[in-house]
Each structure stands twice: as C-alpha cells, then as structure tokens.
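The structure follows.
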Amino acid sequence: MANASPLSPTNQHFFQPLLPGFQSNLKIPVNYFSEHIEGKHEGKTVTLRTDASERTWEVKMEGHRLTEGWKEFVEAHDLRIGDFVVFRHEGDMVFHVTALGPSCCEIQYPQSSRHEEGEESGENEISEKEGEENVQKESDKSSSDLNCFSQSVTHSNISRDAVSVPRDFVKRSGFSKGRHEIVLMNEEGKSWESEVKSYMSGAVYLVGGWTTFCTENKLDVGDSCTFKLLQKAKTPVFQLCSRTKHLPLSFTKVNGLINPGKIILVDKDRAEWSMMLKVDSRGAVYIIGGNDWKSFCAANEVGAGESLALELIQGGVLLNQITTCFQMEQPSFKAEDGRHKRARVQNRSQETDKGAETSRASTMGPKLEITEKGEPSRASTMRPKVEIREKIAETGEPSRASNKSSGIEGNLQHTKPCSVKTDQLAKVKESVVDTLTSIGRFQAELETMKRKLEDSLQELN
C-alpha cells in the first residue's frame, strides 16, 4: 500500500465541501461510489484516518453516505461549514482524510503524542520538546510564574476563530480534558467570552472570540502575544500581558513628561512610527505602540533583550500635550557585543516661525544617566543647549555621561521635520498589487468550486 502509484485505484481521490447538515452524514459522490466502491467491497464500514493523530475512526456506510461514527470524526477534527475534506482511498476501504479551511489551505493540527519506534520517532520527540521549551522561555520572560503562554497570530487561526493552546500550559493549568468557559481580557480590562476545548486527537484549542479579540486589539498576522491565566475569578481569565514600554520615573519627572500625548518615532532614514504616551494612576509613563513599536525595532535591528538608549531634546508643550520625535542614529563605534543601540528623542514644537528653533535649543535640560533598571546613577547640571540622554547598558552597569560638542548643537538646530520616505509609498503600492493578485486567484478558485458544486447538484437531480 505504501508503494502504490498515485494513479493506481488504491489512491483515487474525491472531495466534498461541508454544507449545512454535514455533521450527521456525508455523501460520497455518485460517480466515485459506482466506479470504486459499489459491488467491489462487501464491507459496510469504512476506516478513516488523518495526520492529526494515530487514532482511526470506523464509520458506517449506508448506500453512498457515511453515517454512524461520522459525527465523532467531525467533532474530533473541529470541522465546520465552509471547510473541505479530501478523501484518498488507500485500499480495503481505508481512507486518508485531509481537511482544508475556507481559504483552501490545509488545516494544521498540533502534533499529537506519537511514539513510533526508530530514529524518526526520536527526532519528533526532540523537536516537540524543543518547541515546549521555547514556549516556556517566552512565558518566563513575561511572568515570574508558570501561568503564562505565548502564541502567534496566523491567517489560519484568524479565519477559523480558534488558536491552539501549548500542551505544557494545558497540563499545568488543568485544561487538558473537556470544555471550559474562559474570558479573554486585554490590558485595559475589556473582555471577550471564549472557551478552551480539547479534542479526541489530543489537541486543545481556544475557540470563539479570538478573531474579534485580535481585531479590536490591533493584533496582525505575525504578531506574538502572551497571556497570563488569572484563576481567582469564577470564570478563568486569560489576560493579555502588557505590551507597553516603561520610561524611568526619574527621567520623566526631570524632563516634564507627565502628561499623556502623541509621540512619533523617526529613525535615521526619517521613517515614522506613531506612538502614544500613557500615564497610569501611579504616575508611571509608558510608550504604547503595539505593532508600530515592533516595526520600529525591526527596522532598526533592535532585538529582544537588547538595550536601547534614548536621547531627549527638550521642546515646547502645546495644549498640555507633548509631541516628541525619536530619531535613531547609528553609533560611531561598534559595541563590544554588537547589541547596544542608540536613539535620539527630539521634541517637535508645532510653532512655524523661525524663533521655534532657538526656543527649542534654549530649553535643554541636564544630562542624566540611568542603569538598565531605570535607577539614576549620576546626574549633573550642564550648560544650556545640551541634550538629555538616557543610556542603558546591556549589562546593567551605569555608563558615563559627557558634554555634547558644539557640532552636535549645530546638528540639532538643523534637524528637519519628520517625513515619510518615498520607499514607504512604494511598499504600499506593492501591497495593493499583491492584494489584487490574491483576489484574482481567489476568484479563479471560486469559479472552480462553483463548477464542481453545479456538477454535484446535477448528480442529485
């Protein structure tokens, strides 16, 4: 059977779209049934298997319909209206079933606990352990306990409104069996109803509310989010861990960053990212950027665990709203471990007269050094027209501060307003073209599907 040719009778295929009512039974196409099953097999049951688990399902066949046992197969694989199933006959009434989502892409299920003999099994187990260790490391970064798990947003889990839950988290938290109502909660306390559901294949999914949660919290495909389990409430709560960036309190007080407002991050190429300053009830100031912060770090090669020095040039305050501009600049030397980054933070005054430049330069504050934890190490009063720089060393040790030269002052006075690069427009244009191409491809797939459904309808008539 393993050596059968793809064109041999034992490898004949048929597929069916899942329409309303499919949960109770599934029809085998008349032509396929008459050519490959009718009169050639005495058995009244078929065996179904998938790549989702080692288990097989015995399903009763009444005429050319799959009936008793089909519902259990559907529930085990979370099949839904709009999905497609492809059956490959492997001989002796054994069918391998592949499930496709509405996007016509194969549905991916978490690997089950398969313990086959031989070298291949060993490799699978190692790979699985490594995956669990990676998830554990991500959790450790976000919380001091083990009640966290991380997951990425994908096209598949968005379209299916369901996302898999890591196996190690499931074991720790007791969600490995049955169905459990839960609540998804964002950083601001807004909640969405959902549930954790386990399947016979061993897979555990967070089902319902996922797509809405991602949309309203501006989580895009490729983003990673970490949830912390709060079990004190009657219904378990999966709370999204903070994606904000905390600014040291000593730094914000000295520089008057005490009010919420809009900020714009600009790198050396003057590409812009819009962020917000948020002040909590304790007076702590955060940068909230979500995907924009992630894009900013990626564009400037700032990775997880790396230090980032911020350099603030004090500016004017307008309507109690501070508008700042972070300008990334490449250091003139390469750090010992290659991981130190520097950024310049420049306030943009909204005045348009020529005196704005002079006003901005004359309000420069003292130079402040802080450790990685945000604790002040040494501060000294400097002459006017110098920058306030926040340096964070990778090792957490305080760095030494020095006066900026007059050449730097000259550069500050000639800083140009933040602007969007032309290459960004090119990227937008390219994205639109790609979207139109995808739409055309999808329309072609719909036409093919339409013809097949019309053929099926003719068979029914």
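Using N, Cα and C of the backbone, Cβ positions are placed for all residues, glycine too.
Okay, so Swiss-Prot annotates it like this:
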type	residues	note
DNA_BIND	11-103	DNA-binding region
REGION	110-146	region 'Disordered'
COMPBIAS	126-143	compositional bias 'Basic and acidic residues'
DNA_BIND	148-244	DNA-binding region
DNA_BIND	230-332	DNA-binding region
REGION	333-415	region 'Disordered'
COMPBIAS	384-394	compositional bias 'Basic and acidic residues'
COMPBIAS	400-415	compositional bias 'Polar residues'
Could you count the residues of the DNA-binding region (148-244) that DSSP puts in helix, in strand and in coil?
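Helix (H, G, I), strand (E, B), coil: 20 helix, 38 strand, 39 coil.
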As a quick check of your reading of DSSP, tell me how many residues in the DNA-binding region (11-103) are helical, how many are strand and how many are coil.
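Per-class counts: 15 helix, 34 strand, 44 coil.
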Can you give me the average pLDDT across the DNA-binding region (11-103), rounded to a whole number?
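Mean pLDDT for the DNA-binding region (11-103): 86.
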